[in-house]
Amino acid sequence: MGLPGRRNPLLSARRAAASLRRSRRLPVYVAAVFFVASVLLMFRDEILYLTTARSPSSSLPTTGGSAGGAGLARKEELVSVNKPVLLGHGGKPEKHHSVTERHRPKVSAKRRPNKKAAKAARKKFMASPSVAAGAEVNVPETCNLSKGKWVFDNATYPLYREQECEYLTAQVTCTRNGRRDDGYQKWRWQPRDCDLPLAFDARLFMERLRGKRLMFVGDSLNRNQWESMVCLVRPALSPGKSYVTWWDGQRVVLHAWEYNATVEFYWAPFLVESNSDDPKAHSIRDRVIKPEAIAAHAGDWVGVDYLVFNTYIWWMNTVNMKVVRPTGKTWEEYDEVGRIEAYRRVLDTWATWVNDNVDPARTSVFFMSVSPLHISPEAWGNPGGVRCAKEDAPVQNWHGPLWLGTDWDMFRAARNASRAAGRVPVTFVDVTAMSELRKDGHTSVHTIRQGRVLTPEQQADPATYADCIHWCLPGVPDVWNLMLYARILSRPPAAAGHVA
């Protein structure tokens with residue numbers, strides 16, 4: 001079949017060839033050649049799409065599983081480090097095709113539905129149960145979503161099933177990796193002064209994303225959140241009309257081409273340039289940053305409609321940071337400065353870029369707060385525990401702060417930087433205190449190390465192998481995304497941001 005709204009190109013080509021034969025002015029073989037050429041011309045859009053947009057994989061490349069800020073896949077874990085990994089909706093393998101960097105697809109370059117198809121899609125959407133019932137999301141901007149409590153809810157949670165989302169990597173599929181309890185999937189966040197939506201309406205959200213790009217930028221916690229988001233929107237994607245590309249690990253993109261939309265992750269663990277920016281060789285002991293240099297990454301952020309930033313976990317290895325001197329030419333020419341000083345310099349660079357380069361009439365900007373670690377069980381009253389291993393419920397009936405080692409100076413610096421963009425409103429999404437209560441939600445020993453699921457012997461040694469940084473999915477990041485969902489859909493497109 002051709003594209004919607006187009007005449008049948010095969011029939012047109014046949015008629016053209018037949019006309020030539022009837023005219024007796026050309027031999028039959030010339031008419032045949034003309035027929036083939038006509039078919040190729042008529043189907044050029046479909047052929048171009050099939051040969052540039054699809055390739056196979058049995059699964060997405062896995063992320064590094066070590067606790068301590070490990071993020072993207074190691075080189076040996078990638079199907080190919082020079083080719084995109086493509087995964088069709090439904091997990092079916094597709095023909096592999098090499099695509100060079102300069103052929104990286106963009107939303108604007110994808111086939112846009114013609115007016116007839118767009119009208120039909122809109123009519124179908126308006127007739128959907130959620131829209132026909134007058135569904136809407138209206139969470140007041142004045143409501144502080146970060147204050148509340150965790151409520152066990154096995155009726156509406158989890159928001160999706162682990163085994164039904166082919167986009168999840170082995171790092172976060174805790175049930176598949178041997179975790180036997182599933183209570184961690186069934187806790188709903190109840191804000192104190194208002195309500196979050198009970199469900200994530202994927203079709204409603206994808207309609208808001210129609211013709212747009214949503215990009216998570218940062219470290220492996222934002223990658224964790226990206227995986228959650230693509231699972232949440234999955235029910236709105238028709239079979240055969242979405243696929244994932246993995247661009248050398250730097251970007252992972254879900255293409256939902258029936259909506260002409262993308263949901264993307266961009267690897268930039270410090271936001272600015274660093275010697276850890278190569279996703280195939282990022283596990284570097286001596287991490288060095290250029291706190292005033294952001295252009296190498298930021299060029300890929302221009303024009304994105306929804307930007308969700310974070311940076312935290314990669315800062316936590318040392319109390320001092322190595323920063324390249326202003327006149328430095330190599331990564332070896334650095335000075336050591338205090339972590340919070342370096343963090344503030346980076347955030348100043350980021351806020352300046354946002355203020356100078358983002359169009360607030362088009363782009364909404366969010367900054368995710370600190371995602372906490374749970375490596376000190378005595379902090380939540382379990383002195384005999386080992387990191388986050390075997391924790392099966394949130395911290396409950398706790399009054400006062402939890403001393404988990406969260407760097408609250410960095411939290412405040414990020415919040416202040418979100419207010420510093422000036423011309424561009426930035427929504428600071430505060431998930432820190434609520435996530436501190438979720439000692440049960442981490443991948444712990446039900447994850448991977450160097451691309452392989454932990455062995456029984458490794459799982460029996462949580463002091464060495466428990467990952468108490470990243471989160472199981474379904475799980476806590478789904479609630480973070482529900483907060484994004486509430487803020488995005490409660491506003492007109494590109495409305496101003498506030499504190500979530």
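The backbone N, Cα and C atoms fix where each Cβ goes, glycine too.
Here is what Swiss-Prot says about this protein:
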ACT_SITE  Asp467  active site, proton donor
ACT_SITE  His470  active site, proton acceptor
DISULFID  Cys143-Cys194  disulfide bond
DISULFID  Cys165-Cys231  disulfide bond
DISULFID  Cys174-Cys472  disulfide bond
DISULFID  Cys388-Cys468  disulfide bond
CARBOHYD  Asn144  N-linked glycosylation site
CARBOHYD  Asn154  N-linked glycosylation site
CARBOHYD  Asn260  N-linked glycosylation site
CARBOHYD  Asn416  N-linked glycosylation site
TOPO_DOM  1-25  topological domain 'Cytoplasmic'
TOPO_DOM  44-500  topological domain 'Lumenal'
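The distance from the Cα of Cys468 (disulfide bond) to the Cα of Asn260 (N-linked glycosylation site) comes to 37 Å. Among the recorded positions Asn154, Cys174, Cys194, Cys231, His470, Cys472, the ones whose Cα sits within 10 Å of the Cα of Asn144 (N-linked glycosylation site) are Cys194.
Across the structure, Asp467 (active site, proton donor) and Cys143 (disulfide bond) place their CA atoms 33 angstrom apart. The average pLDDT for the topological domain 'Cytoplasmic' (1-25) in the predicted structure is 43.
The shortest Cα-Cα distance between Cys388 (disulfide bond) and any of the recorded positions Asn154, Cys165, Cys194, Cys231, Asn260 is the one to Asn154.
Proximity of Cys194 (disulfide bond) to non-local residues of its own chain (separation of 6 or more, Cβ distance below 8 Å) is seen for Val139, Pro140, Cys143, Leu145, given in sequence order. When the glycosylation sites Asn154, Asn260, Asn416 are scored by other C-beta atoms within 10 Å, Asn260 scores highest.
A sphere of 10 angstroms centred on the C-beta of Asn144 (N-linked glycosylation site) encloses 15 other C-beta atoms. Each of the disulfide-bonded residues Cys143, Cys231, Cys388, Cys468 was scored by the number of other CB atoms within 10 A of its CB, and the lowest score belongs to Cys143. Looking at Asn416 (N-linked glycosylation site) and Cys472 (disulfide bond), their Cα atoms lie 30 Å from each other. Around the Cβ of Cys174 (disulfide bond), a 10 Å sphere holds 28 further Cβ atoms from the protein chains shown.
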